[in-house]
């Protein structure tokens, strides 16, 4: 069940009383979700468009981190501009046909994966900038940066295409819906959900946490004026990623468990399925909130990490000078020791290792 809160309907119950309760619940959830989607569109779209405009018109030199943020804003805009259509279909019915349903869901998936992969790439870029600032100079070249962008979008498109065969429209209680996935078997569904959770959350989350923990430890040892603010901002990035993406994938895991225990414990399986059916709406809303906060969060982070990397570079230069001085002193001491040893053994009164006399 993948982002299906905006492509799914409530399953209406056969019992009239249950159907009435379902309709009442549906009205409340629908209103809340429509409000969240509307706010996400109103706040997120201008924010991301401003980022795109600033990068494209105001920046003469674009670094890898800025290019990643630009592509992140583009991915978020692609997601957010579809919201009016989903709001309409959520409030009324799907009237746009099967092909447009598949196309729109492909755009959603492609953009969502791109957003996750770009956030992950940003964490790796920041790790490299802090620990290996001189190595990162290579990636400032257009060819290297373009290759990184190509790989990210290629993977995102590949994952987006994978959902197209399963996406269909469905009529339910007189309403046409761009519905949840239609899998040929439970095994296929479990495989797809596992792939999505691993590629869309588990692996990126581990990379992001590892990178930012290492960066935070490095910052804690630095004599950096806004060190505390840096650490708070890093924590904000990790927490925002967890809050926005973990609930959705948690429901994926619950869905998998529900399928796996269907034969052995049908009652528990049905209970989990009901939880998932209700939870996907909240988790889906949080995913769109991610697209709203990304511009603010990563614009601040970009400026901050430029300062940090400059500080690291300066400290590395100072450290290199200290090491060079220590090496020169050691060489001088060795020369003096050799001079004394030769004098003692051979009775040499004066040997200069630098003049050749």
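Placed from the backbone N, Cα and C atoms, the Cβ positions cover glycine too.
As recorded in TrEMBL:
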type     : residues : note
DOMAIN   : 47-298   : domain 'G-protein coupled receptors family 1 profile'
TRANSMEM : 28-55    : transmembrane segment
TRANSMEM : 67-88    : transmembrane segment
TRANSMEM : 94-124   : transmembrane segment
TRANSMEM : 145-166  : transmembrane segment
TRANSMEM : 192-213  : transmembrane segment
TRANSMEM : 233-259  : transmembrane segment
TRANSMEM : 279-300  : transmembrane segment
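Summarising model confidence by region, the domain 'G-protein coupled receptors family 1 profile' (47-298) averages a pLDDT of 85. Same-chain residues lying 6+ beyond the ends of the transmembrane segment (94-124) with a Cβ under 8 Å from its Cβ atoms: 2-3, 6-7, 65, 68-69, 71-72, 75-76, 78-79, 82, 85, 148, 152-153, 155-157, 159-164, 167-169, 175-178, 199-201, 204, 207-208, 211-212, 237, 241, 245, 287, 290-291, 294, 298, 301.
With pairs at least 6 apart in sequence, the transmembrane segment (192-213) and the transmembrane segment (28-55) have fewer than 3 Cβ pairs within the 8 Å limit; the two do not touch.
Below 8 angstroms of C-beta separation, residues 1-3, 116, 119, 123, 186, 189-190, 193-194, 196-197, 200-202, 205, 208-209, 212, 215-216, 219, 268-270, 272-273, 275-276, 279-280, 282-284, 286-287, 289-290, 293, 297-298, 300-301, 304 of the same chain, each at least six residues beyond the ends of the transmembrane segment (233-259), sit close to that stretch. If you look at the transmembrane segment (145-166), the same-chain residues 6 or more away from its ends with a CB under 8 A from one of its CBs are 2, 62, 64, 67-68, 71, 75, 102, 105-107, 109-111, 113-114, 117-118, 121, 139, 181-183, 192, 196, 199-200.
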